[in-house]
Amino acid sequence: MTDKRKDGDHSKLLYCSFCGKSQHEVRKLIAGPSVYICDECVDLCNDIIREEIRDIGGARPHMTELPTPHKIRAHLDDYVIGQDLAKKVLAVAVYNHYKRLRSGSSADGVELGKSNILLIGPTGSGKTLLAETLARLLDVPFTMADATTLTEAGYVGEDVENIIQKLLQKCDYDVEKAQRGIVYIDEIDKISRKSDNPSITRDVSGEGVQQALLKLIEGTIAAVPPQGGRKHPQQEFLQVDTSKILFICGGAFAGLDKVVEQRTAQGAGIGFNAEVKSKDKKVTLSESFAKVEPEDLVKYGLIPEFIGRLPVVATLTELDENALIQILVEPKNALTKQYQALFKLEGAELEFREDALRAIAHKAMERKTGARGLRSIVEGVLLDTMYDLPSVENVSKVVVDEHVINGETQPIMIYDNPEKQAASAD
């Protein structure tokens, strides 16, 4: 196929018929009847064909009917327990965002502004789940980023532009589809400024990241390398308009309640005539978060320009024990339903008794992990049973009660064969 002789006979040197590169400049040269093509041109042709197929056959109208805020809220109710105010705020913000993308500008030339979202709520309150559920409902690309891994360009860590690269990967580098996507940036509170005062040292993972995110969130043309990097000199960077992408930032904001309390505490002034600030009333975390103002976020460590790019603020409440029990059983993809489906594949029914559900919720409350800690508790309790079940025959039912959750006993196995059940009990 190629001539590897090094006898100085240049007439035998083979070249790609498309890009003109010699056999020594490419990894592979494929021969046809008096024609040759290199591996780089093959890759380029594949990319062109994929794009044409997507444009002709794969193109379908996206979101032919934009769900109303009521429908968005109803869909969120199916998967997320509680957080009614946050759901309403999100439903309106998301509806307005995609309405803006469809309308462009109104007849009188008024350009609609972009409304990105800031979610404030304790760990395990449902911030990530809300964002994921919205993306599924709207059938748009969705990606998550961890703000703690981001640094300014030129420093060790992840550049903010990598967020757009991840979004493109989720939709097979379809720029149009990516520009309708949703990006969720978690742990946004971790990039707060280290202090209120400007520092002489560069804060590359705090204020520096906030500065880097400003343009991306507000709207800019981000240049992203094509799929697999720049394999071919003719390949250009993909241009992505981030003004059409909805950014949702979320964080637990530990300590923000103290900042709010300092601002809202009764009384002010100094001296004999000053009112004493009252601390008699115990204010919950949820009540404090409900009173958050932009000035509190500035004092916490977010720069004013960054807060300005996140005009829609939704606060999530702490989940109590009853809410955690609801999360275990009520959503369409509830945790107990998932494990019951898993056991059903082994031909066994899984039953969680009421006292078991309360014990799981109580344990999660003690760990202060919210809904996020529920899976690890259930997984730990059912580990031995899931290990043994595939090797045991005639098991028709597995029962989990409070004693199992507390580690006092193993889950009860009920067999089709009563004699075997009696033997296991002995």
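Backbone N, Cα and C atoms are what each Cβ position is placed from, and that goes for glycine too.
Sequence-distant neighbours of Cys19 (Zn(2+) binding site) (same chain, 6+ apart, CB under 8 A from its CB) are Cys38, Glu40, Cys41. Annotated Zn(2+) binding site per Swiss-Prot: Cys16, Cys19, Cys38, Cys41, in sequence order.
Taken from Swiss-Prot, the feature ATP binding site applies to Pro122, Thr123, Gly124, Ser125, Gly126, Lys127, Thr128, Leu129. Residue environment of Ser125 (ATP binding site) contains 29 other Cβ atoms, counted within 10 Å of its Cβ in all protein chains. In the three-state DSSP scheme, Ser125 (ATP binding site) is classed as coil.
The annotation domain 'ClpX-type ZB' is assigned in Swiss-Prot to 4-57 on the grounds of sequence analysis.
Cα-Cα distance from Ser125 (ATP binding site) to Cys16 (Zn(2+) binding site): 59 Å (rounded to the nearest whole number).
Sorting the binding-site residues Cys16, Cys38, Cys41, Leu129 by the number of other Cβ atoms within 10 Å puts Cys38 first. For the Zn(2+) site, the Cβ centre of Cys16, Cys19, Cys38, Cys41 serves as reference, and the other residues of the chain with Cβ at most 8 Å from it are Ser17, Phe18, Gly20, Lys21, Val26, Leu29, Tyr36, Ile37, Asp39, Glu40, Val42.
Cys38 (Zn(2+) binding site) carries a strand DSSP state (E or B). Neighbour counts of Cβ atoms within 10 Å were taken for the binding-site residues Pro122, Gly124, Gly126; the minimum is at Pro122. Around Thr128 (ATP binding site), a 10 Å sphere centred on its CB holds 16 further CB atoms from the protein chains shown.
For Lys127 (ATP binding site), the number of other Cβ atoms no farther than 10 Å from its own Cβ, over all displayed protein chains, is 24.
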